[in-house]
Amino acid sequence: QEHAYPADELMPLTCRGRVRGQEPSRGDVDDALGKFSLTLIDTLDTLVVLNKTKEFEEAVKKVIKDVNLDNDIVVSVFETNIRVLGGLLGGHSVAIMLKEKGEYMQWYNGELLHMAKELGYKLLPAFNTTSGLPYPRVNLKFGVRHPEARTGTETDTCTACAGTLILEFAALSRFTGTSIFEEYARKALDFIWEKRQRSSNLVGVTINIHTGDWVRKDSGVGAGIDSYYEYLLKAYVLLGDDSFLERFNTHYDAIMRYISQPPLLLDVHIHKPMLNARTWMDSLLAFFPGLQVLKGDIRPAIETHEMLYQVIKKHNFLPEAFTTDFRVHWAQHPLRPEFAESTYFLYKATGDPYYLEVGKTLIENLNKYARVPCGFAAMKDVRTGSHEDRMDSFFLAEMFKYLYLLFADKEDMIFDIEDYIFTTEAHLLPLWLSTTNQTISKKNTSTEYTELDDSNFDWTCPNTQILFPNDPMFAQSIREPLKNVVDKSCPRGISRVEESLGSGPKPPLRARDFMASNPEHLEILKKMGVSLIHLKDGRVQLVQHAVQAASSLDAEDGLRFMQEMIELSSQQQKEQQLPPRAVQIVSHPFFGRVVLTAGPAQFGMDLSKHKAGTRGFVATIKPYNGCSEITNPEAVKEKIALMQRGQCMFAEKARNIQKAGAIGGIVIDDNEGSSSDTAPLFQMAGDGKNTDDITIPMLFLFNKEGNIILDAIREYEAVEVLLSDKAKDRATIFKGKMIPNYIIDSNLELENMDQKSSENDSHKPTSEEAPSEPQDAAAVSEEPEGGGESSAFGDPDHWSLVSADSASFVLADQEAPGAPEAAAPEAACAAGDSQPQEQNSHTEASPKAHWDSKVQPMESILADWNEDIEAFEMMEKDEL
């Protein structure tokens, strides 16, 4: 409220609201923003869970008074449903509960429900398709396919996008008595069920909303599908319809048969479910152990959760994607709550205090690495600890809720949480809705279900007393074999394809042995349905047509060969990349809290080999471009020099500041508004000459990150930074000096974790919009005219690969449309991880004038913080 209201989200680094159209577009991520105070609505029922009833009452009044749902803006149907419609319904659910108790909300007369119904009608135009599957986006004011709607031309949607509507839409129908919402959501679910792959009973990631054809035919339990499965089971719990449980169990049987490879959950092809579609996992699958608890299948839930926790212990947070050998594949972490959700459900199921320790680790990591002056910042890169100016609404809606509930005792709650079911956004819907306004037939008698010979698939909720014996050793015995599943050091140097194939069948020709000039090899390729095409630019393209293979077995050999070639080609590219570096502001009043993502240089000191990094005060050089002899060497000596990009080579700048006595250098992009949030990692290449004479570290900051340092200099003349391979723990930086340590507001009572954990010590057994494709880092050297940037690893001889069966693989300078992600293995632990993706950069139409987009000055941002620092410095570090 203080920094961002009425914006949709808080930008915690710059302490202002994120207003769509006033910030650089982040692509599909921004489709969640509709200028309807998203975070406020998404957090309503969290306030009641935290026993903040007065604050909840004031928040509801703000929503009723200020929120406008009739905006000319295109939003995601999926995100608007789970966050805004779900938030309004969750708020209404707890509002009527409080009103019945007689103390709060006595004035409430269903206003949130009226707003939910208004929003429901605004989403209905998206369902105007022959299949009943909704368009992925809708204009809140003009609907779909209206001349002014700017949407309605899409043909595809993700399975979760179309299949995660039934809880909110059915609840809206049951609350209001208007059946149309539940009818539309059921029709979409029915269509997906009918289009499942009948032999495997799996569904793909993306489906054509008009024809029902699967566009992406890989299947898993992570991004793109996840909450479809969740809502089938929870729809049965909330609505009491057996058909939803039957569908879920049919899918669950297929998941455990093909996708579950304990403790891993790996995507497969829906037509060839014995064949893995990728060798990495995304972080959204962390919800699945919690769903397995609800299902009653406790053992695999414990196994997968423990594997994920080991990954978190290695990287502090769960990366957006990680490989089967537990290396970082996508390095971001937007503070997702799925792992905390599963931790909560496992603790509820087992009573094992081990999961309180897990929760304690999550809270400590949030406070240690994500807490910033105005909130909690998403991690731009878990390897360096750098931040992104982003705090999604789900952080308050879900993460706070699940962590509080994990440590809360029954007497801490003002209502019985067991009377509600959690939506995928953790909103609360009362279970009594199952018997209210039932206007729809419960059973789809025309649908056939697979007979499952398994007593675990009875059409009833599991008896928790039998499934979850009150014995902590039960869960510990399952976890114990997985304690070392994530190796602390680099795994042995084998390709991931070899690991994923294990001792299974290998193609008759291995990718590493292939030679395009060998006639025998070409004959083998032909047998496998693989064609070789020589391109005009000198590259060679491989294309597989499964129908041209000599047999189905040869076609599978061809697919394995293509997968190996992708791995090999990716690895050759990765070996030429350097990982991102970190610039950490360590002087007062930042104390290491602000970490900026920096691009590395291919010359100078290798910070990965100098773990202590380079620490010093910054100084602006003259001339600012650093392209001639430095005229203020006395100001630069023994300092880290700041300079502007352009007009000469990077290496020339480095030599000039090194000659002036600088101990390091930071080059700031001269492209106004550039940011690591929306651009791929930038590497500074040499000048084509021997650069061994450059011994100081050089890092590159985009314009936005560079301005943070420049603003700090204007406010606080002396600014000290640390240049390193990744952010350092503040205890390491200050070596015992007293520094402020910000923790989650004690009013939220999350600090009780220490007490509760210690209370359980006697029982504790011995002992954490589908992501975009990762983009290659761009390594460039400055040109005299400031342009002509060139890739440092654009090898003209690398392979371009295409498979034209059920998927297409392209590995070239650009990726083919619709190509599924190919795993890119690392060259080494320190330098092999994939880089964050590049984002789009278009903006929305001009917003209304009252949406403030001004950046607050540094003095305003830190005013209150400085007061806290003085108080904290009087306290002992242990007490913090």
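Every residue gets a Cβ built from N, Cα and C, even glycine.
Taken straight from TrEMBL:
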ACT_SITE  Glu79  active site, proton donor
ACT_SITE  Asp226  active site
ACT_SITE  Glu320  active site, proton donor
ACT_SITE  Glu338  active site
BINDING   Thr424  Ca(2+) binding site
REGION    753-798  region 'Disordered'
REGION    814-855  region 'Disordered'
COMPBIAS  815-832  compositional bias 'Low complexity'
COMPBIAS  834-844  compositional bias 'Polar residues'
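For Glu79 (active site, proton donor), the nearest neighbour among the recorded positions Asp226, Glu320, Glu338, Thr424, judged by Cα separation, is Thr424. A Cα-Cα distance of 10 Å separates Asp226 (active site) from Thr424 (Ca(2+) binding site). Shown in sequence order, Ser283, Leu284, Leu285, Ala286, Phe287, Gly290 are the residues of the chain, 6+ apart in sequence, with a C-beta less than 8 angstroms from the C-beta of Glu338 (active site). If you measure from the Cα atom of Glu320 (active site, proton donor) to that of the residue listed as 'Ca(2+) binding site', you get 18 Å.
Annotation for the residue listed as 'Ca(2+) binding site': same-chain Cβ neighbours under 8 Å, separated by at least 6 residues, are Ile82, Thr164, Leu167, Ser227, Glu230, Tyr231, Phe287.
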